[in-house]
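Note sheet for the following structure.
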């Protein structure tokens, strides 16, 4: 929190990570990560558990020291700095509120440590609590709050220090779905209003897509792809990204060769695929540049707003098809289990997610 | 013919046995079913015996102690005279000697408690937050093993170590420290050693319950180690410290053997009780003296309660 030590350099990214590695004994948790995160960016690190995303966050916070590599905050190397002298604050997964202090005392803690005068401390804490709609709860203990309220207190406690970067370690993980959706919108709004760089760790792809300016997808301690949510979804760079972000719909082997005319691994998003009860080549619904495949419906899942069908292709493999329920579907007009169907999608919606095998 | 008979007999016996077994197997089931339907019966069966023990053997004995302290002794025959009076307590209150012994005992207990807190906290902190799991296990065992050794052996070990040509004198001599000899200091040292595990274990448990993220959050908010200790760690383990102090304080209050072994001519309340039960054979007066530590402990518990430390332990 020493501002003199982390003097902002003109044009430097908020966070610059170079060749970051972390080994725990014989386990490599982070295996060579390079990242540049711009000022004011909402940046998410997405990946399954054990993919190294949280370890990267903890190294940025200063809780773990890297085995190799450097971390810069605003152009200043902080790799060897202890957590208390870095201009970042963290919202913990378990919130880590101090149970023996009131909500106000919790929020004031960082200011108190920095010997901010009492009057200003109170004022800023009150403002921070107002920004998370908890101004009435200052006198309570964390134990008397709901999960969602605790989450907001943790947020206020971090933001009151006006850090350069806010680190969020799966902060919404413990909330129920409805509350989580609300908080996603609120967090995004807060970040836009404050203009603070957010580094957000999550394993929930929907959460990452909803909130982020850019996302880094982690797998086995490495970054698979860094892209905007749109590019990540529409143009996944690797089979892992195609599978992890959105519904996995990967075509490979003989089916890929037969349908697309070239070997490789390809991804098609389920909502891009049309499902026809008869051969589209025989009817008007055929589109010139469409790829078509015949198959049998294995499973139909009604999702409320949409219906999802899993179709086993005659050529091998299976594809998931998502259709919006624009009319309320009756049992009859959906292709049921065992029905023979034809699938079609535009050629341009097929994304190669791996380099074609050499030879 | 015979064989078939035998066979049918065999099956009959086997069937009977099987039926018996089924019945026996069903019995506990039936009992559980009855207990399941009657939660009150279940509860009273479960806590009845321990409550009986606590009520009769424990509180009953305390009550008997207090009642006895209100009786007197026939000075000639030495028999207990069952006449209600406060003579014993008056004697305790008015006699300079007993007041002195009481203060000395409380002083020793307080000293032992403070020393144990000062030693136990860093040890427990190291065990809970720094040591590797392997080292942690080794330390837990190291803390627990002395409890298996006899109290007398440990007290006499200190007597030997604290003697004129003992280890303390030899090693301390290198640093210019001499053995304190047998006296109050020796009593405090020995008792602090004896009760240390009772302080380490609660603090260790308290620190283990303190999530690492709490310490990280404090550092993350800009607090250095000292500040984190003062503002986060100590308040969190305060109830554990109080719990440990109840052990060390009360165990020290009631002690009378250590002071005999390493205390020189000093006496604690326990010695007065012992002498009045034995040599003087004045049971009512012994009971009155024994009431003092009980009252002190009640005051201590009330004070601990006021700090809020006994809630949510």
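Note: Cβ is positioned from N, Cα and C throughout, glycine not excepted.
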Among B:138-161, B:258-281, find the range that TrEMBL records as transmembrane segment. B:138-161
In the same chain, residues at least 6 away from the ends of the transmembrane segment (B:232-253) whose Cβ sits under 8 Å of its Cβ atoms read 105-106, 108-110, 112-113, 116-117, 120-121, 124-125, 191-192, 194-195, 198-203, 205-207, 210, 214-215, 218, 223, 269, 293, 296-297, 300-301, 304, 307, 309-313
Sequence-remote partners of the transmembrane segment (B:101-126) [C-beta within less than 8 Å, at least six residues beyond its ends]: 92, 139, 143, 184, 187-188, 191-192, 195-196, 198-200, 203-204, 206-207, 233, 237, 241, 244-245, 248-250, 252-253, 259, 266-272, 292-293, 296
Near the transmembrane segment (B:283-303), which same-chain residues lie under 8 Å Cβ to Cβ, leaving out any that are not at least 6 residues past its ends? 62, 65-66, 68-73, 80, 88-89, 91-92, 98, 102, 105-106, 246, 249-250, 253-254, 269, 272-273, 276-277, 310
